[in-house]
Amino acid sequence: MVSSGMINICYLLLMWSHLAVAQDFPWAEGSDYADPLPDEQMPSHDYGQSYVFPEPANPGPVFPFPNSPYVIPEPAVAETQTVVALPVQPKQRQVPLPVEPTNVVATTRVSPSTERVQTTLSPILSPDHYVRVTMRMVSPLGVDQGSSSFSCYLSQPDVGRSTLSTGRYSQTGDGGTVGAWSLPEGRRLGGHGMAVDLTTSGTGGFGTFYCQGSQPGKDTTTVVGVFLTSNPKIIPTDGRFTKTVSLGDVDVTLAMTLRSPADALTNQVQWRRNGQEVIEDMSGLASVTFRRPITETVAGVYECFYANERNQARHGIVRLIVRGCPTGRWNPPRCTGVCDACYNGGMCDHVTGWCICPPGFTGEHCEQACGFNSFGVSCEFRCSSSVDESVSCRGSQFCLPDPFGCTCNAGFKGLRCEADCDAGQYGAGCLQSCHCASGHCDRFTGQCLGSPSGCSRGWSGVNCQVPDVCPKGYFGAACLSKCYCDNGVACDKVSGKCPQKRCAPGFAVYDDGQHCSGCRPGTFGIGCSHTCPCHADACHPETGECSGRCFDRFIKPTCHAGISSVTTTRVNTGQTASFNCTITSSMSLSSSSSSLASFSRSPSAILPSASTVVLYRISGGESQAGVLRLGTVVEPGSETVMFGVDGIRPDETLRCVVMGANGEVLARREVPADTYVLPVMANPPIITEQTVTSISLRWQPWSSTGPDHTGDPPLVAYVVLYRLNGRNDWMRGDRIPAIRTSATQRDLQPHTWYDVSVVGVREGLGGEGLPSPWTTVRTFCQVPSRPPTVIASSDTKFPGQILVAWQTPDPTVIRCPSGLVGFNIYYREIDSAHSETGTLRLFTPTVTNQVVTGLHVYTKYLVSISLLNEAGEGERSEEVMVFSPQEIPPPPIHLTVEQPTKESALISWETPSPSNINGKIRFFELQYKFWADHNDDLAESHSIQINNTSLEMKYELKGLVANLSYSFKVRTVNDVAPGDWCDPIIVSTQEEPPALLAHGRSSIHGPKVGLSIMGVFVGLLLLAGLFVGVVRFRKFRKRMRAQKNNELSTLRDTVAFSRRSVRVSDLKGNGNGKKLMDDVYMTPIATASLTKSSRKPKPKGEDEHKYEYIDPMRFPVMRFAILANENETIIHSYR
């Protein structure tokens, strides 16, 4: 036998061989930049390198079940000591370790006793979503010095399974030499990684670069590092190239230190994110704070630079990483999980809840310190072969998968990672604080140094990092155990009891217990009240997820989904039956004696591809003959694959199967076929009505007990079948509910013969029976498609009539083989008191015009026409307007003469209502003449045309002679002819006063007569004047009767003359003359024309001149006085 000491020595040598893998790293120059979005998978580039690393020659232990977690059983706890072991998580199973551990035995001790108890903790190689990639950057500050490089390393279990690639992550310059060169060829570092040298003296290596690991079944993992030049003007204030925050954090600050001023005062500070446009809201600020709760949309690479100086590559870069859950939580998007307790700067992965350990630490909770000169997930790599701790890993920065970011190795800090930790600090980037009573600790491990020994008050543990008061959700001496209380309520620190025994899903308090224990085998969920879809030992107690051993109906190996149902509809024998296979995910199981599960839907589970779901006919062996895939209906948490099976038989059984990639059956479920007997209807349908495009019919209801009908109930519907007469193929019409026995089949062709039948339908696809005997019927024609164009006219030769004409319609307009039946002529009055509407129906289809009679005289009519065929009447044409013919107008009525004077008369009359009776009035004609001795035949008549056509007319006739009788009459003239005269009336003008005096605006008096003239002389003179006047008047009347053409008229203030050629001007002697009689017009003449037959003027006064004029008809001498002034001329007369 080999002694135990020898075994331990061999074990230590083996362990050291894994930790002492020293690599000689090549130094090379960088690459061209790429500009991907930070939240997208990095694209491949021409300049990138990619290697698939095989297993190393002497690989470390690789567990045969990489997707299974391994933890050690919890040891017994002695009364005198407290030993802390890693708790069993709900997502893990306790199994024995198949191989020896690869790491240093870690001792976690929290005990007041002097006895040291060691607990060996195994490495936890649990299934996760990312590739274990570590990026080491040498000389991250000073890439222009030619000694910078970066290396990519794979850790177990991803060695030999993952592909590595490198490249530039984002654009961080405006051009020039920044990123203008290609990434050099990388070198392989044994079987674990690759290195890229950035040996350039320029700025081509400035910016962000990445190591990317890819592996089937895992997320593509991109680790990003930053390189700056040796003399930057702007650097991150906190001395780190990355900043990690959690979803919902507030007051997140990105701070930069301005080490050197800008080249110009106008070059203010600017920011960019992911190489995009300048963020204007951040311009001019060296420190930016996000006040609102942080979201993943703000994550990315931020550059801070002076305007117009970005191409100098002397600015600061920081990458902001946002965890997908709030602090201390995992499992997005709901983030219901509680993170594992992470020590020594470890960070919780928001996807799995496990710890990502900083360089220099390892273990499930990062509780194991590896010391100086080591890095990697299990501290399996060394920075150099030197054992000088002051040299090893100095000047190197390490980046890990998100959300960790980048930091210096344990014991160093700063952008260059060359400064040692200050007193009281330790760990990666010197970000951890010592809790030692002495105030001093080892800068690599955090273990206390000096005296007094031990931890500060309130702390315990190997390096004094375990608080006496555990954070919420944790309990135990080292606060490593989780208590699973409902809604994350804090539990008792010592006992882990939850208030009111309310546990989180996957946990329950059984019997009289006090703690929330995991669900018993075969159950899961809230209160462990649901039944697993798999055998008990394979079921996850919280979610019901299975690790194989699924029941037949559940899909192997996880049982995340299963065939929840296989349904079919009853169909008649020989028809196509529908079968629906429903796959449901994320089982919510109820207890049952048969251990089978019922389902609830959840969109979180992954459903199988619908193409893997197949349906077999298993009667006489599996077969897919006649099985047709119809489609898939996808809903949240479920999918239903629909099939049709032709020629189904009553004795068949069908099986729904989910197939695996290699043809294995992952799940299956069977269902028997179900069939009906076809319904048969024995009687033909009865036609109740037909139209142009439809046929209405009714039928006798189907009854399973009727003597004429056969088939299985229930009947769910009827279907109308129709076809062109003489054809064989039926067309399907409307589906009618079984409670109805009538239908109307629409959308048929006009004037077509059809066969019509009815078929009964029972429930399910293919439930239609055979067609009943059919009935043959013809549809009607269509009404004409459009009306003809109408032309309407009238002629005065045909009173009370209008002529309506139209064109012969085209056969395509008639739309009926039998042609036209006739026409409808519509006419109606408008703007008339009658407003009657008439219709004239013509049943002679060959005519193209028609006379409409019996119309009102000169009335406006609107006329339209429509076509008729056997289907009915088409639409009416547009209305056209036409007047009926005019006729001779009737005589005016109510002729009267009002207020006759010696020279004028006001004549009035009325027009018979309506005003346009018999036609359109053009004017009125007024005729007047002298009337004497009751016989006016010898008198000359005079006519005046009056263009005013008012209903009630008034006309003032002037130029009449005083003390004479006149005859007046009026008639109406329209477009046809003058109408009859109205009855005349006789009216006499007033008598002339004895003295003929003129009246004007100003009077000119004769010679002044002295007041002393004797009365006798005056009387005699008056009598003589009266005698002469009477004689003259009688002679005047006699002369007027003998000379018909002589006229007498006065114009305002002038005297009257009996000579036809006399023209008298108005008061001012200008303007057009006024017509007094027929063909006689008064035109203006100059005042001087009065002197042609008179003596020379004799001035009298300064403004008055008198003229004498001898009337040719021997009138007494008339004297005219002309009064002249600047504005007017007035003529007066006197004797």
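Any Cβ shown, glycine's included, is placed from N, Cα and C.
Bear in mind that TrEMBL entries carry predicted annotations, made automatically and left uncurated.
Computed from a predicted structure; not experimentally measured.
Around Cys366 (disulfide bond), the C-beta neighbours below 8 angstroms that are at least 6 residues distant in the chain are Cys342, Tyr343, Asn344, Gly345, Gly346, Cys355, Cys357, Pro358. For the recorded site, Cys366 (disulfide bond), the DSSP three-state label reads coil. Look at TrEMBL and you will find Cys357-Cys366 tagged as disulfide bond.
TrEMBL lists 232-304 with the feature domain 'Ig-like'. This prediction places the mean pLDDT of the domain 'Ig-like' (232-304) at 93.
TrEMBL lists 331-367 with the feature domain 'EGF-like'.
Residues or ranges marked as domain 'Fibronectin type-III' in TrEMBL: 680-782 (among others).
If you look up TrEMBL, you'll see 784-887 (among others) marked as domain 'Fibronectin type-III'.
The domain 'Fibronectin type-III' annotation in TrEMBL covers 891-992 (among others).
The signal peptide annotation in TrEMBL covers 1-22.
TrEMBL lists 1009-1031 with the feature transmembrane segment.
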Three-state composition of the domain 'Ig-like' (232-304), taking helix and strand from DSSP: 6 helix, 30 strand, 37 coil
Cys357 (disulfide bond) - helix vs strand vs coil (DSSP): coil
